[in-house]
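Student: Would you mind keeping the following structure in view while I ask a few things?
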Amino acid sequence: MNYQQQQLIYWEKQGYDQLCGVHCINSLLQGPYFNEVDLATIAQELDRQEIELLGKTGHRYKSQNVAEDGNFSIQVLAEALKKLGDLYIESVDSKINQNQDLSQESGFICNSQAHWFSIRKIDNIWYNLNSTNKRAPEIISDFYLSAFLLSVKENGYQIFVVKGVYPPPQLDNIDQSDRQKVLTTQFVKQVHDRRVKKKNYKLNIGGSDEVEMEKALKQSKGEKYESTDEEFEEEGQQPQKKQSTPKFQGQGVQFQHQKSVVNYPNFNIDPLDAEYRSIILMTLEQKFSMQLEEGLVILFQLPGGQNKQYTFSYDATVEDLYDFIFFESRQQPMRFILICPIQKLQLLDVSQQLLDIGIDTMTQIIVKKE
């Protein structure tokens, strides 16, 4: 994807790990400056210094800098920031910061007993970079910043101002994944605009993605996770109603396990009608002849193991994904089903918009041949 002339945000999303300290500091610094090994090395050095100072033997000393679950102390994060040069932290409750206009600062790190997250001003806009956000950084207005910080404190967090000279964003050669994301500000704004329209909208200060944790717990017990209507509403989706028999009339591709159909119209082309098929392919060739410079980058894994990538518009639908694979497989026509493994979705309703069902940039889609 061509990122030139675009405003970008680096954000790390937390999985089932306990590396929120790593995600917090990297999102604050706008690049993957540290990993868990780097912070663990700093923690060990701080432990060594404390053991020498206290005169304790190593086997009697319990680290105060890294917990058994991998959570790091404020001393570790502060030392990591020092290694990048002129960066240091101060509590927002210190005398020097009392009665100060905190909106003039550049960034904060927030800590509870079990979670870290950062807040950063990027191109004069404040973002909540919490790694447990569901889809993207959250926009915080200058007017709301003070109220948000107060809410964070009231929920048991300590807040530290990060002062000094920040390093430049480190966005080159990032292998985007489910955890490391480079997002355009336009995409973040679109996600924000959708969320603020929801009832009971509020910024996220949580220390865990409750949906993901529940899924993991169910999976570990061999149980099936059932999505709630509330979960779909939060994500802007519509819950899929279970049907004993498909209501789709006419031909379709049956998905063996779900007994559902893909309502993709081009699967209904008469194989003997070569002229009509040719017209459809010519239309799709024109549709996909140009790559967008900005949009949703979708990664396809084809049945033979090959990979394809295409940038779709932000208002793209599931049908656009089917159109792309239908065109790409024109030399060896096939019927297929698209599956999103991250969302655990079989994409059967071609009318749905990608953003509405939680499919954003750098999402992988598996093409399953039928």
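In case you wondered, yes, glycine gets a Cβ from its N, Cα and C as well.
Note that the coordinates shown come from a computational prediction; the quantities given were computed from them, not determined experimentally.
Summarising the annotation, TrEMBL assigns domain 'Josephin' to 7-177. The active site, nucleophile annotation in TrEMBL covers Cys20. If you look up TrEMBL, you'll see Cys20, His115, Asn130 marked as active site. Sequence annotations record features per position, and here TrEMBL assigns active site, proton acceptor to His115. Residues or ranges marked as compositional bias 'Basic and acidic residues' in TrEMBL: 218-227. Feature annotation from TrEMBL assigns region 'Disordered' to 218-249. Positions annotated as compositional bias 'Polar residues' by TrEMBL: 237-249.
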Student: State the Cα to Cα distance, in Å, between Asn130 (active site) and Cys20 (active site, nucleophile), rounded to an integer.
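Tutor: One finds 9 Å between the Cα atoms of these residues.
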Student: Tell me, if you would, which residue among Cys20, His115, Asn130 (active-site residues) has the fewest other CB atoms within 10 Å in the structure shown?
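Tutor: Candidates: the active-site residues Cys20, His115, Asn130. Fewest Cβ atoms within 10 Å: His115.
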Student: Between His115 (active site) and Cys20 (active site, nucleophile), how far is it from one CA atom to the other, in Å?
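Tutor: Per the Cα atoms, His115 (active site) and Cys20 (active site, nucleophile) stand 6 Å apart.
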Student: Over the domain 'Josephin' (7-177), work out the mean pLDDT and round it to an integer.
Tutor: 87
